[in-house]
């Protein structure tokens, strides 16, 4: 029975990528006063520059795109107006009228042999 386990290596499992020696922890560099002052002055410059420059809006759409959007807006307005004209009661009455006019599948007689 012990012959079966003679070929098995002993010891703990070795994981991939680990060399067995723990990595040294690197210390973070502290920011010096000069660095902090530079960051503050840079931030102030950005704030001052933003207030003096007005953003310029550039239209990048073609005439066809602008025309298309205008037509879409008009159609949407018409749709809203059409929906606003009828009350809920009128819409329900119209739906009921349409349903009454429709033929029912069991009312249609079979045509043909059989």
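Counting begins at 1 with the first residue displayed.
Quick reminder: no glycine exception, Cβ is built from N, Cα and C everywhere.
The coiled coil annotation in TrEMBL covers 59-105. Along the coiled coil (59-105), the predicted structure has mean pLDDT 90.
Per TrEMBL, the feature compositional bias 'Low complexity' maps to 10-20.
What TrEMBL lists as compositional bias 'Basic residues' is 24-33. Note: the compositional bias 'Basic residues' (24-33) comprises 1 helix, 0 strand, 9 coil (DSSP; helix = H, G, I, strand = E, B).
Among the features that TrEMBL reports, region 'Disordered' is placed at 1-37.
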